Structure formats: C-alpha cells, structure tokens
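First up is the structure itself, then whatever we jot down about it.
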C-alpha cells in the first residue's frame, strides 16, 4: 500500500504510464522488421518486439509491453501501435527483438535504444504527417549475433486538442493517477523526416556496447543522453556568465556596510501560506563599527525570488549608511522584530549590555518542518533521504534530533537563561575521522603537574589510564539515549557534535557508540510491544485481510511498514557510496589474471574444530603460490556441501576469527579499544614460528582479495599505510592512542626543554622496563625546541614500524605472492581496508532495497513484511549472524548490498518461498538465497528464523 509515483494502464494495446512533471503523449508504431538474423533450425525465426520505457539517468523501467509473435519469417510485419506518456528530457525507449522458443529461452535478435527529446510532433490539420524510419539493430554484448533493421514510426501528439483533450475528460471521471487513451490505428501519410540538427562545436555522438546513443562534451569532459543543440550550449554559457556576475554582485554587496532600519515584512498577497523559513542569527565581526543587517523575508512564491543584483539594488535604496551607529539601535530593532528575537535572544541580551560587541546579521535559511532550524530534508538521485545543515554547510544521512543543550562552561558570552535549541546529531562512523581528544588546558598549561603528565605518558605509551587534564568539569549533564553510561553529547560552536566522557573527564569528536564492536552496539533485540507511540500524524488500522497498515495523514499515504522501525538508530547507518572506489576496483579486477598452467581448483578438506592449524599446514605446503589462484573448493569433514562460493566465504570468516584472536599472540588489540587490531611486537615470545604464521596470514589475505572475499577483522590505520609503503604521520597516532597523541602534539606546539626528555623510550615487557634509544646514543641527546620534530618522527617510527618490521615483512611476503604490490597501491589506506574487510555495519534500508523475491513472494507479501520487521527488531549481532547464515560472511561490500557476489558474479540477496510452515528456513550461501516457508503468524516466523540462525551449522547440497 505504498504511495504510487507512476500508474500503468494497458488498454487495447495502449500503455500509458502517468508520470508527474512535464510530460507528453508519444505515439509509437512498430511497423516491421527487415532482414533479421536466422535463429531457427529451418532458417527462419518467430520474432516479436518488446518495448521498455525507462528513465535514462537511473535505468529505472517505467513500462513494458510487447507485440504479437509473427511465425516463421525474417521480415515480419507487426503494424501495432502503442501510446506512452513520457518526459522527453529524461525518458528513453528500448526496442528489443526476440525469437520466440517454446522449450528454451527466447533468442536475442537485436535492440534499438531511442532518445525521445527530438521526435517530431503531429500536426492536427494533417493526418499522420510523420513517416517511418529504419533503425539498425545493435548487439546487447560482444557475444550477440544480430543483423537487420527495425522500422518504426514515432511522433508526439499535439499538446492542445485532439487526443489529450479527450483523455482529460475521461480522466476527470476516473481515480486520481490513472488515464485511458483510445487506440486508433488509421492510415498515415508519408513525409520526409528532417535530419537532426548539427552538434555544437566540441561535441561528439557515440554508441555504447548496448547500442544506446550518447553525446560527449569534449569542452568540459562530460557525457549525456539527450542530443545537445546550439541553443542549449549558448544558454549554458549565458547561465555560467550570469552566475559569475551574480556571485560578484553578491560579494560586492556583502562587503558594504549597512545599518538596517525598521522594515516591516510585507504580508504575501492572496493569503498564501509562506514557505517554512526561519530566521537564525549569525555573529559577524567587522573591524571598526558594529553593523547590523536585516534582510526582508523571501516571497511565498519560489518563482518570484530576486537575484543577488536586484537584492543589492533594492537594499541600497532602502538602507541608510550611518557612521556613528551603536549597539542600542540594533537592540531596539530586534525588540521591534519579535520573530527575530525568539531565535537570537541570547545574542540580543549580550548586545544590550555590551555595546561594543558586534551584532548578529540575520539570514534566512530554508527549514523543513519538524527539523531544527537551518536543517532541510532532501533526496538524492537514488531516492535516499539526506539532511542538509545550512548552519555549517554539512550533510548527513541521519535525521537530526531536537534537544535542549545546556551550556555549563564558565565565561559564557551570554547571561540570559534562554538558550538556542541546537540539534543533537548521531552521525555514522567516518572512515577517516579518528578520535580527537580536546585538551585545551593541557596545551596552554605551564604548571608542573601538566609537564609531569606529559612526561609520564611519553615514558609509558601503553598506559591505559586517561589523563585528568583533558577537559574542564561540566556543571550540567544531558542524558541521551543509546549513549554509554556517563557519556554526554553536545554541539561545538561550529555546529559539529562532540562527546563528553564524564567517567574519565575527556572529550572526543568520535561517537562512542561506534567505538564498540558491531555485535556489542545494541545489547538486546527490540520488543514489538515496546516501540512506543506512533509519530505525530500517523494512525494504525487493520486491513480487511487482518493485516495491520499505517496511515500518514501528513503526506496522505499508506504503507505496511511500521514507521517507528524507520529510525536510523534502528535501521543502521547509511552506506556511503563511492564511485571512485568502484572504478578503481573494476580496474583492479581486470588486471588480475589467472595463470593457465594450474589445476581447475584448489581443494581443502578441514575440520571445523581445528581450522587454523589444518589451513596453515595445507596452504604453507604449497610451493608454487600461483596454485592458490585456482578456484577454491572447501569441504568440512562430515558435511555434504558443494562449494560454489558459500563454503569458501564461511572458511574465510571462521579462519579470520582464529588468526586474529589475541589468544595466539600474533595480534593484539590497540590501545583505545578491544576490537581494532595491531601486530603484537612480542609475537616471537609467544610463538617461535611466528614469522611463518605471518607469511600464512599474508597468503590468506591475498587469497581473500584475489577471490573477492572479505576478512572479518579491523586493523589500525598505520597497518594499511605500511602495506602501501606510505609515511606514517602524527595524525595517524590520534586514532590509535589519543593520549599519546596529545602528549606529542603538546611537545610540537610548546617548548619541551623543561620536560627533560631524551631521544629514548621506556618500554615495558612482562613487568620489566627497558630503555630503547631512538637513535645512537639517544639517551644522551636532550629534546629541545630545535630537534623536537625529529624526536616526534622517531617516536612514531618506533611505535608503528621498527617494533613490528619483521612481522610486517613476513606478512607482505605472503600477500605479494598472490597480488602485485604496485597494483594494490592504486588504493589509499581507507580503500584498502574496505577492499580487504568491507563494511561492518548493516544498513537494513539498503539491504531491503537490494533484495529480490521468488516463487510467489513480493515486497508487499505478508511473510516478507514480517521478515523485514523481524530483521529491524534484531540487535546488530543477530543481523550479522543472519547475514552470515545466508551469505556465508558477516561483512558487506564497500558500496552495500547492491554489490553482493554469488557463485556466478553479482547476486542480490534473495528470498524464495519454499516448504511448509512446520519447517525451519534454510540458506544457500552460494546464491545468497534464503528459503523461507510461508509462516502464518509473525511470531512463528520470528521464532523459527532465530532458531535457524542460532543453531544451524554445516552444509548439505549446493552452497
């Protein structure tokens, strides 16, 4: 019962999708085929044509119809007519010719992809003045064998009168969103079709491998589907010049000094309700005088908005320039503007008391109802909702939440009890935003306790005790849901949220909810009875078939999904799509070549309870690493699974758990958490053959990347930089050990002479402390203001490189036996992490959007609705276990579920109806398919799904 964006009505061979926006009715006549390819044994074919209307930029299909089949001919004559309502600017028609087969799949005979922007329009005074055109049939891929032509007639119906007027009369009597167009196939008169206009200078027409025509602009290196014209190019250049002039005028206007006079906003004509604009205040420092500027509110109609030049001229006439202005004039102005005072009360009070403070300038920012001031809700090209913060010009996938932020810091600029309502934002974990500990008292302090704390931290970098000098003690606490005990979230002056840990008296930019392992971020699953009330404007009702559905009276739509389960805190962070990474990955896969002189597959038969040692012996016994590039074939003892990708994915998952387990002493957790891994510098004390094991781990990592699988583990960022041979900097220390980072940063920004530091480090091993010189005779060289940068570089080199150099070399030896290191270097350290380990978070919305259904299931089927409700009610750990149960891995590819791979290439997550309600669900990991019985109640589905996920182990059949 989701809202309809397009309705489709076939009627007497007529197909009219009703699309909102600028649209026209297109008459298409499939006349005949000429000299088609021979596909049948007896030298003929049974051709028919399939017509697909789709959106060019999104490749989203809007309508699909086909002609009748003409038997045993290579020159069929269909003479069938269709009508489409299209948007000429971004719609295209795809004609595909097939040879019908009763027993096997229909053979492909060719295709034609036609843009709709330059088709002619019929003249009502003449009868069918448009003529046919023969289109060359093009192949779908390089393997397609096609020939011949497709003869078509295409023209737009006139905009006024005729067919569309009749349709508008019929449409008044019908339900909204549907339209009927009569089919009328009469004789046509031929006339010569005008050739398309010439391309502008610098443009080129090309055809892609699907036979679609596109146009290349060599001037600005862009491509597009619709044919450009000289008028488009000239208007584009005019727009660019106009935009440059507007920006210049805007800069000139902003550089002027204005004093605002008492301007009352004019009410909109006709009682129109204005757009939801809010007035926010922004402090502006201008040397010399204290100046204020009040802009008039924008008009209600978007079409009447003025340009910056007009705005500048209007304000120049209405504003007065007064050289001896003061804060009292501005204060009185704000008091006469109650709407402005509500949003800038604290600033106004400060101006009233201190005349020398600069007054705020008032700006108008578009605000979406229900969001904090300055926030706007938008949708991207893929239909995903995101939020724009006009206050600090940032965007986020997470909906901002309104909460009161109490400022308890001393020395505030305002003495008023009124405070701005600021949004509290839960942002997804950024791949390149390590933990930053704010330590203003530490940086500016000169007393001996601070110096002693810095020296203690440097002498023992692995100390887990936090420094008490990192942040002032707040006077107020604001409790927020989902945060760990003792944590608080606030907003910095630049609008960026930061987090306060009252347990250790530290602050950080990174969300503490994302510092825990994925499976620990939510302790328990949700209960359907504990979801709370529905959002404002929503209503819950029962359908005739007994199912519950929900009505949104705000937007007048209905849906099956519970809106309370669409909270980003429940669905998970959105997947950040990266087109650049996709291009690099495709290039990387093309360069990987499988040797010709190796077996068809590399087999391993293992026991689950001894997977680490058996895998080590089997892989290290291979003398020629190229053999590992053959297809992996994994078998677990006493299991009958046939490995077509799923068993291998589970092998990588299980082996990762063992290899990276700190119990074996090869890796250890980093200083800041218990899930990010780093190489253990003392691994040789735990295992004499540790270098051989690191070579084995390198081979496994290379195997995973070569075969497109993912490892289950996170490493610190310097680990990936060492793999790429990049220089490790002080900023890399920040995400690993923030306390040690703060100490080194303090040295960098201050004179360290008084600390009495030497070019040596105290290292503690098993209770004993050893002194390590950073350079020869380092214990005799003092750290001064002149050599402090060299000291910091040596500390970082020792901390991340020197101690683990042998282990890293062994790891790279195994890794480069399968993958050339030069090919890996096309990625940066962030992309290399995604290449090896993928994403750990599960975005349920992305998961649901890229799922397909078979054997009677569809998105609105009750069982499918219950399934996704059960997934949304799961905690993060159970979602990952469900993903691992169906796909064999707990990781998600870089660009989300759209890039899931199966045994034969890309394979979306699939749910197929199977079995009876008494059976448990079963999975086929090689096909990413879940066989889900048609359960009769939600409780039954949830119980049996969890039972299958938590208790199933092993393979049988094809996986």
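Quick reminder: no glycine exception, Cβ is built from N, Cα and C everywhere.
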Checking 121-148, 149-176, 289-316, 317-344 against Swiss-Prot, the stretch recorded as region 'Disordered' is 289-316
What is the three-state DSSP composition of the domain 'WW 3' (481-514), stated as helix, strand and coil residue counts? 3 helix, 13 strand, 18 coil
If you run through the domain 'C2' (10-130) with DSSP, how many residues end up as helix, strand and coil? 0 helix, 64 strand, 57 coil
What stretch of 10-130, 197-230, 369-402, 624-958 shows the most Cβ pairs under 8 Å to the domain 'WW 4' (532-565)? 624-958
